[in-house]
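Here is what Swiss-Prot records for this protein:
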type    : residues                                                  : note
BINDING : Gly95, Ser96, Val97, Ala98, Val99, Gly100, Lys101, Ser102 : ATP binding site
Amino acid sequence: MSNKDQILTSPYLQFNRSQWAALRDSVPMTLTEGEIARLKGINEDLSLEEVAEIYLPLSRLLNFYISSNLRRQAVLEQFLGTNGQRIPYIISIAGSVAVGKSTTARVLQALLSRWPEHRRVELITTDGFLHPNAVLKERNLMKKKGFPQSYDMHRLVKFVSDIKSGVPNVTAPVYSHLIYDVIPDGDKVVNQPDILILEGLNVLQSGMDYPHDPHHVFVSDFVDFSIYVDAPEDLLQRWYINRFLKFREGAFTDPDSYFHHYAKLSEDEAVNIATQLWKEINWLNLKENILPTRERASLIMTKSANHAVDCVRLRK
């Protein structure tokens, strides 16, 4: 099959970086270099160019989709003769550990909140819906943190369902990477946003991913637009190790850090432990549970070196 035939039969439209960047049209840059610096992750070089060429076209596309969704809601209200409330638009962001999901989520939150049509954009990570460490230890799942069985899926689905139903003041648990656990009584309140961005490893998973916990409704059932942040496995491993080394010099030095004992490691020891953690936990989770969900996404962003996106695939 030729490349042309593959494109015609693919469920995705594919764009290289320059083709995607051209779709920005006249959308203005609304972030300063200082704001971008505060949005980037510990392991990334996020530039004005990256925001302009990748994220501004994406924010333009999302604004079109959101506006179309609002028109559809208006049609339904006209048909029913009601004046209902606005239903939040839910965007999910999935991908491997260390790929940069959180940065993508923060940049989109900042850009979308600057569109006049939808000022209130909330960001929630699914880490908060992990079972507390006490439960994971009881179930012998501490080395499976991030795997499907480590999440309180009933609570996560209830949260997303409530948001989509327009329920006010919905609470979401908050996770601390410092203590490596859910914060007791640290819930965040989400009150009827225009847009909810939901970021996490598991937001594209469905029933077949949870044979141990059968239920019929999933997060993906409530999502309006889903993004998968992708990268080659060798880069993911390198980024994970580099991030671990930076944490060793930063967050791990805090005496309250769950991983404080790693701060005393030599660089070689730290690289060896990070490599082991990657292979035994994160790579395994990627292969078994995360990567198989990639083709369920509305849009796939593929990164190359330096976290630069060089390919975008958009579902037709």
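Just so it is clear, glycine is given a Cβ too, placed from its N, Cα and C backbone atoms.
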Completion exercise
Same-chain residues at least 6 apart in sequence with Cβ under 8 Å of the Cβ of Lys101 (ATP binding site), in sequence order, are Ile93, Ala94, Gly95, Glu199, Gly200, Val229
Handout entry: Beyond the site residues Gly95, Ser96, Val97, Ala98, Val99, Gly100, Lys101, Ser102: chain residues whose C-beta lies within 8 Å of the centroid, for ATP
Key = Val229, Leu236
Completion exercise
Lowest 10 Å Cβ neighbour count of the binding-site residues Gly95, Gly100 is held by Gly100
Problem - Sparsest Cβ surroundings (other CB atoms within 10 Å) among the binding-site residues Ser96, Ser102 - result: Ser102
Problem - CB within-chain contacts under 8 A for Val97 (ATP binding site), separation at least 6 - result: Gly146, Leu201, Leu236, Tyr240, Asn282, Asn285, Leu286
Completion exercise
Here the binding-site residues are Ala98, Val99; the one whose Cβ sees the most other Cβ atoms within 10 Å is Val99
Practice task
Could you tell me which three-state DSSP class Gly95 (ATP binding site) falls into?
Solution key: strand
